[in-house]
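Record features, source TrEMBL:
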type: TRANSMEM; residues: 112-130; note: transmembrane segment
type: TRANSMEM; residues: 136-158; note: transmembrane segment
type: TRANSMEM; residues: 170-195; note: transmembrane segment
type: TRANSMEM; residues: 215-233; note: transmembrane segment
type: TRANSMEM; residues: 240-262; note: transmembrane segment
type: TRANSMEM; residues: 268-293; note: transmembrane segment
type: TRANSMEM; residues: 314-336; note: transmembrane segment
type: REGION; residues: 427-485; note: region 'Disordered'
Amino acid sequence: MRLVQVLIPEGNRAPVLDALDEEGIDYAVFDEVGRGDFEAMAQFPVPPGGVEPVLEDLVAAGIREDSYTIVVPTETVVSQRLSALAEKFPGLRISREELYARAQDLAPANSTFFAFLLLSTVIATTGLLLDSAATIIGAMVVAPLMGPAISASVGTILDEPKMARRGAVLQATGLVAAIATAAVMGLVLQQTILVPPGLDITTIPQVAERTSPNFLSLFLALGSGLAGSISIMRGSGSTLVGVAIAVALVPPAATAGLGIAFGPPGVVVAATVLVVVNLLAINVSALVLFYLSGFKPIDAGQFEGVRASVFSRVVVLAVAIAVLSIALGAVTWTTYQTQSFEQRVSGELQQRFDEADVEGVELLSVGVDYEPIDLILGNEARVNVLVGLPRNETAPPDLAQRWDDQLSAEFDREMVVRVGFVEEQLSEGDVAGSEPATGDGTTFGGGTLSESESGFGPDAPTAGLRPGRSEPRGDGESVAGRPSVDRTVWVPSLLCQ
């Protein structure tokens, strides 16, 4: 419920009160003695959905735009006379006057806006480098990006060009400032011991997430824009919705800045495309929702001009999103293709072992190194296979080439197959019949390794694998003091194909 207070200009008391009577609104009238151009003040309660139409009636009855009209939210109204009024003005949508005021409040002073934005960027950049999702979310609570996005759309709908222009400028300059802040922070951190020398930021999962954007990122931005618009129209949850809007903008901007500082140009391009697409999607979704909700300028004669302006801006934003979404579509398609290819190759090799196509060795892990850029450029796929070799067995000399020929023919794609062998040795263990294990407790009995051990480079067969360390004493007991028994342990071999 809202409590409305309006000053009635001299000579308009009767028509204003008649308008309230026609709407069935209970009111109180007080004589105005402070100013000579107003004769009274009327005060009345009205549901949120009734504020806009009632004020339109009062303007038609003689309430001037330069007079004072105050709309105050009420905590509680105790009366049985308001049920008919609530039925007459259903809905929770606020009036355009309230919408305008809230949009103004959401776009703070420039000094406040940039202070909070830069602090948010610093926290988000720290979260990216620490690979901490919690830190990144905490930074979003500080980010003030919801206000400019909403005020730009509200200014367009209500034909308030100054508000619309300020909202657009704050968004553009704010994101540029965020990228620059992250870049400077990254350059400074490289000169300290806070980050490892030669850090490859693409190996950080939180950074990699923002450098491989797909169409799901677009849904985040569209949903955030719609949620922000609804929260303003309904007057609830704007702080939490602001977090969602900031999530779509600040982390990608910080990622682009880190890309500038640490060098990978692909990071800069991908993150910049993501942040621009998200920015446009938030604005177009908010603009469309405000328009469809029926908001319009106070001056009815401006409505046609506003409708044309909204239509043209939506078209421009939609075209820009469509063009930039080509990159999102390409990433989505190539990611799906490469992941599908990796699964098929792994499944094919596993099937060959299950069917005893390869005898004398045990499949431990399969890793496929095939990135989206390899698919686009037609580069060869790199397949890394780790197998266990029993004692006194000789590694098949042609295994890598045989698999290369078979997989290349099966998938019609050039491949390079690298096979590493892990030899079986006999050590003194503590439990008879236990599963073969590495010295660090990793069990190979199931025929698999952890994901971190699936791919390997020139030194790969030794990566992540250590021989058993129990050395039998002369008295027949192991170092741990337990009776020694034979146990098979896989240890790395330098045999590679």
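Quick reminder: no glycine exception, Cβ is built from N, Cα and C everywhere.
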Checklist entry - Are there three or more C-beta pairs under 8 angstroms joining the transmembrane segment (268-293) and the transmembrane segment (136-158), sequence spacing 6 or more? => result yes
Checklist entry - When only pairs 6 or more apart in sequence are counted, do the transmembrane segment (314-336) and the transmembrane segment (170-195) reach 3 or more Cβ pairs under 8 Å? => result no
Checklist entry - Hey, which of 215-233, 240-262, 268-293 has the most Cβ-Cβ pairs under 8 Å against the transmembrane segment (170-195)? => result 240-262
Item to check | Sequence-remote partners of the transmembrane segment (268-293) [C-beta within less than 8 Å, at least six residues beyond its ends] | outcome: 93, 99, 149-150, 152-154, 156-157, 171, 175, 179, 210-213, 217-218, 220-226, 228-230, 233, 245, 248-249, 252-253, 255-256, 259-260, 307, 310, 313-314, 317-318, 320-321, 324-325, 327-328, 331
